[in-house]
């Protein structure tokens, strides 16, 4: 755990209130239960468009559970139920009649551990496109190239698209998973500790990529690494025991937290 606050490289300035900006997503009074375990307790958060929001907090605080709730991934877990609203484009997607396939197309997700398909590099990106009905080979190839370029991977793999994705390094596999997600042209990307299993060089590439991707997508990232949150995010939400303790601009939260629990956590006094 850090013993000092993460350094903020920019001059402290007031970040616009997230509620004053156009919202890509929001939750209102969101609760998540695993059986009798009340994992998320009435969370209200708003995620501004084309910004990066980091979710931080100690292990077991609920941040990954909350992230998975945003595109209904928790529906795959037996005994899990959710109450409250998950608003995407102003529509509550926490309803039984919602098409989850389309939800996850619009709200893409990249997991902590790279999980490429046991297919070629090309097929990893093209698979979802074909499944959604794209048939023109030229159009598919154009989308594959565009997605790999956006994931800063094209120059490294353009001559090896037929090779197995499993032959790539861990960092390359994670960028391939990001390319696979952006190929579906989502509006929101959910990143669950995308660099935690990577070496420092690969981590740096992922962070640079996040800063590029926010020009096209709204990004919500879970991270245990507070230095990383400080480097890549515009807004930060501190979770503790399934609740949001504080949510503000990243520079404000790390340099002038308003809650003692936040101050204690970023100073390394607990968590």
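Cβ coordinates come from backbone N, Cα and C, glycine included.
Going by Swiss-Prot, these are the annotated features:
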type    : residues                       : note
REGION  : 1-20                           : region 'Disordered'
DOMAIN  : 25-266                         : domain 'ABC transporter'
BINDING : 57, 58, 59, 60, 61, 62, 63, 64 : ATP binding site
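Neighbouring residues of the recorded ATP site, listed in sequence order and excluding 57, 58, 59, 60, 61, 62, 63, 64, comprise 239, 240 (Cβ within 8 Å of the Cβ centroid). Its own atom aside, the Cβ of residue 62 (ATP binding site) has 22 Cβ atoms within 10 angstroms in the protein chains shown. In the predicted structure, the domain 'ABC transporter' (25-266) carries a mean pLDDT of 96.
In the three-state DSSP assignment, the secondary structure recorded for residue 64 (ATP binding site) is helix. Per-site Cβ counts within 10 Å over the binding-site residues 57, 58, 60 peak at 57. Ranking the binding-site residues 59, 61, 63, 64 by how many Cβ atoms sit within 10 Å of each one's Cβ puts 63 at the top.
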